[in-house]
Amino acid sequence: MNARLFAYFLLLITSVIWGFAGPILKYSFAYISPFEFLFWRFLLACVVTLPIMFWYFKKHPLKTHDYVRLFILGLLCTTINLSLLLVGLSKTTVIEATLIGSLTPLLVVVFSSFFLHEKISRRMRLGLGLALLGSTLTIFQPLLQGRAFSNFSGNLLLVLGGFAWVGFVLLSKKWEHPDLKPFHIVSFSFFVGLLSFFLITLFTQSISFSLYSIPKPVILPLIYMAVFSSLIAYTAYEVAVSKINASQADPFGYLAAVWSIPLAIIWLGEKFDFTLLASSLLILVGIIIAEYKKGLLNSPHRVRGPVSTRQSLGGHHLAHHK
């Protein structure tokens with residue numbers, strides 16, 4: 001197997017792992033609150049990561065101001081982003097969360113045009129417009145069907161979580177330099193998440209912080225999210241994008257929906273109605289138009305020279321570390 005096919009194989013694995021994450025999280029919320037889940041998840045992730053982190057930070061030392069930046073980035077990509085996403089997911093369906101989440105990479109492109117002065121082509125604008133229309137239809141779908149307001153509020157929280165992620169990506173792009181590497185950001189964000197979710201859980205909920213207090217049905221989901229979704233999938237993604245242009249990894253990010261939506265229907269019993277079908281078609285067509293002649297449709301050879309801002313942001317290394 002050549003390097004490019006091996007990279008695609010790794011990306012396919014990561015798409016499956018991340019695709020299953022949504023239904024697994026939704027299942028867990030029947031037994032545990034989002035903030036409790038996040039605390040235990042990051043505690044486990046930190047225990048596994050700590051030895052590697054000590055070695056890595058010693059081998060790749062940073063300056064003092066980099067740690068301030070790492071803390072800010074950690075707040076954005078873990079505390080704020082994951083709080084909004086998981087609380088939102090607890091109030092809405094996996095299908096709606098998946099469709100809304102597919103808009104986030106395109107939002108990164110839009111905001112990069114404003115803050116990083118990257119030009120957007122007419123084709124990209126058309127694709128963004130269709131995807132935005134489909135996402136808007138998804139967001140308001142609970143109100144259109146007369147369902148509970150909590151579903152609608154959950155969808156709004158998911159959108160806000162997407163904006164928090166956009167802010168994280170833009171700041172990490174602005175602050176990047178050769179000494180500040182993706183593993184610095186990911187590993188440090190684990191500990192920012194652990195501290196913040198410990199404090200949030202401590203002051204908002206009454207739990208014993210004992211391992212025996214973890215509901216048994218949640219143990220396997222916690223291991224899955226901490227080990228597979230965070231460490232294994234992230235490592236596989238990093239290895240993959242080291243062998244191909246990062247923008248070629250973009251289409252695999254959208255593949256997560258291929259795994260999450262059927263699993264949500266079969267396992268969780270969620271319904272895929274006409275409104276969601278129309279929304280998904282608009283989003284799909286929009287993504288195809290916006291991503292056309294990018295990613296897998298580009299030259300199979302990895303780009304060695306500088307890439308455009310849109311490529312580097314769209315294929316951001318940390319796009320799925322959560």
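Glycine residues also receive a Cβ, built from the backbone N, Cα and C atoms like all the rest.
Per TrEMBL, the feature transmembrane segment maps to 5-25, 37-57, 69-89, 95-116, 128-146, 152-171, 183-207, 219-240, 252-268, 274-292. Taken from TrEMBL, the feature domain 'EamA' covers 6-139, 153-289.
If you look at the transmembrane segment (252-268), the same-chain residues 6 or more away from its ends with a CB under 8 A from one of its CBs are 8, 11-12, 14-16, 18-23, 26-27, 93-95, 98-99, 102, 105, 287, 319-320.
Under 8 Å from some Cβ of the transmembrane segment (5-25) lie the Cβ atoms of residues 37, 86, 89, 94, 97-98, 221, 224-225, 228-229, 232-233, 236-237, 239-241, 243-244, 248-249, 252-253, 255-260, 263-264, 267-268, 320, all in the same chain and six or more residues away from its ends. Among residues of the same chain six or more beyond the transmembrane segment (37-57), those with a C-beta under 8 A of the stretch's C-beta atoms are 25, 28-29, 78, 82-83, 86, 183-184, 187-188, 190-191, 193-194, 197-198, 200-201, 214, 218, 221-223, 225-227, 230-231.
Note on the domain 'EamA' (6-139): its mean pLDDT in the predicted model is 90. For the domain 'EamA' (153-289), residue counts in helix, strand and coil come to 112 helix, 0 strand, 25 coil, using DSSP. Per-class residue totals from DSSP over the domain 'EamA' (6-139), listed helix then strand then coil: 115 helix, 0 strand, 19 coil.
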